[in-house]
Amino acid sequence: MKKFVSAGVAALLCCTAGVAQAGVKIGMITTLSGGGSTLGIDVRDGFELALKQAGASDVELLVEDDARKPDVAKKLADKFIQKDKVDILTGIIWSNLAMAVVPAATRKGTLYISPNAGPSALAGKACHENYFNVAWQNDNLHEAMGSHATKAGYKKTFILAPNYPAGTDALKGFKRMYKGELAGELFTKLGQDDYAAEIAQIRASGADSVFFFLPGGMGISFMKQYAQSGVEVPVMGPAFSFSQDILPAIGEAALGVANSSQWGKDIESEVNARFVEGFKEAYGRLPSLYASQGYDAANLILSAMKKADVSDKDAFRAALKKADFASVRGDFKFGNNNHPIQDIYVREVVKEEGQVTNKIIGVAIKDHQDVYASNCRMN
Amino acid sequence: MTAALIFEQILNGLQFGLTLFLMAAGLTLVFGVMGLINLAHGSLYMVGAFCCAWITQQTGSFWLGLGGGVLGAAAAGALIEMLVIRRLYDRDHLDQVLATFALILIFSEGTRMVFGSMPLYLNIPEALSGTVALPGVEAYPIYRLFIILAALAVAVLLYLLISKTRLGMRIRAGESDREMIAALGVDIKTLYTIVFALGAAIAGLSGTLVGALRSVQVGMGEPVLILAFVVIVIGGIGSIKGALIGSILIGLVDTLGRIFLPIILKVFMENASANSIGAALSSMLIYLMMAGILAVKPKGLFNAAN
């Protein structure tokens, strides 16, 4: 276990804060080993960077690895709540793990701040006053790409995703905002890494664009094979297949691809510059959107700590809900269901200083809120 | 749905099957000769891909990387044979499975410690990029044709090695009677190390060839390993010929199934449910086929023991 108690300017914090603090204990459950560990590592590193930069000496952060297993995540949550008596849980990357942990934890009165997973259930009927999502609802980035495809004038888009809940939700999200026709719709196998057959279907369909959601290694395989196939139709997708943790593995095959994200490293603001520079300096690599989400999650908690004591649950919740912090993505506020209302950008994959990375080229949707908010009884 | 598209998909199925053959050949060879179930075969595939990616990054030459990947996997294979596998030949299959499963974990974490958890960059060489027109297919990736040819070449070389050379004769003798060949003065220890390293080298070759098309990352070997086991069970455990036929069968059924099943189902039902039912059915298809074949031929299509 890694114990992180950041040393720093406690005096400064107390004087600007004005509220006496007993200190906050945070339990982070995230994926640090096995497939998908780059996401968890980035969330953790972003989170720790924010604490370090703030000099938050009254925050105790406990980090544990869930190895992407729901049962492990559940056990860790129980340990954090019962043994360590944490005030706040955070860190889970995957929706199935979040569903195993969040409902029980929030019911017991523990606060949960999600830096990534945003399953529709937790945004709709099962929303909870102790649950805050500081990243996005799962459908958001796909909806943004659907809106982008409509604006870009695509009339025949071919869409594909793996055959599992997040995959079917992705295609549903895209279709919700896409006004053109579909040239074809395919569900691939989860974990599939050869896409020759699918690419042949895309070529034969006469599509004018391709939308895909293939997270992790699946996306790397698809893009490499697509670039080799001689199919010239433009490709687009959510940021998950073009984030900074996997772009180096795809290389130049990804150049020119449009992808949607709530954050980009080139958003011009003081806090974003501080984040990007600080991250590069501390870890020697470019931050991904996951790192930005970890960073924002920490800053959200720090902002609430300035307003209220964590032992006063109602006041602390109200302080969280105000979201009175400078998000690296720009404007940010919570909707009635404690999920973000935010702009979602379109980025393009470019080569800068010898590195393959993303550049923002426009806004896909402004002040976007998820569709499940109306099913949530909170206000 | 044109005939050209169907032809192209058959070609894709063939290519997918032949990449599986490269994995299955080593697996079935090791089982046939030593009677060993080697779960760590997928790790050797990963070692090949990582060696290739690293050497290609350092030297800028894919071909050096390819050679390095094959040699690296063979060396890793020889090493684990001498350190671990050698102690398992006389044990039962459960011990073998446990020990080689431990090797998977050691290889995965070891690779992560050396290379980190980010996927590595490995692209196909300039000379093999691009597409070529085939009869009926307007553009087929050259690299995929190269994989088909390379796998067929490996199949032919393996056939020649086993049926025409002295080493092959010993391998066949070892398969049919282990004690007798030892009694005849053949150094069975070295023979086993050579066979294991040969299997590892073919897995490494498969890892390097396929790694350039897919993602080079920790854990890349396990999904392929599962399919390779299906192949050797269908083909008959221990039979190289069975592995070749089995892998082509799997490649064709899997590829054609996942493309054409949803299309066929659309004749009977509405689009959305045809898509999801088609996708679900096609991912079961190869296992259904395996069950069907085992019901008729419980020891696989070409059982080496017969």
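Using the three backbone atoms N, Cα and C, a Cβ is placed for every residue, glycine included.
Per TrEMBL, transmembrane segment is recorded for B:12-32 (among others).
Annotation comment: TrEMBL describes B:62-85 (among others) as transmembrane segment.
Residues or ranges marked as transmembrane segment by TrEMBL: B:97-122 (among others).
Sequence-distant contacts of the transmembrane segment (B:142-162) (same chain, six or more residues past either end, CB-CB distance under 8 Å): 11-12, 14-15, 18-19, 21-22, 25, 29, 124, 128-132, 168, 171-172, 202, 205, 209-210, 212-213, 240, 244. The transmembrane segment annotation in TrEMBL covers B:142-162 (among others).
Summarising the annotation, TrEMBL assigns transmembrane segment to B:190-213 (among others).
Look at TrEMBL and you will find B:225-253 (among others) tagged as transmembrane segment.
Feature annotation from TrEMBL assigns transmembrane segment to B:274-296 (among others).
By the Cβ criterion (distance under 8 Å, sequence gap of 6 or more), the transmembrane segment (B:225-253) is counted as touching the transmembrane segment (B:274-296), at least 3 such pairs being found. Between the transmembrane segment (B:12-32) and the transmembrane segment (B:274-296) there are fewer than 3 Cβ pairs closer than 8 Å, counting only pairs 6 or more residues apart in sequence, which means the two stretches are not in contact. Counting same-chain residues at least six beyond the ends of the transmembrane segment (B:274-296), those with a Cβ under 8 angstroms from any Cβ of the stretch are 227, 230, 233-234, 249-250, 253-254, 257-258, 261-266, 268.
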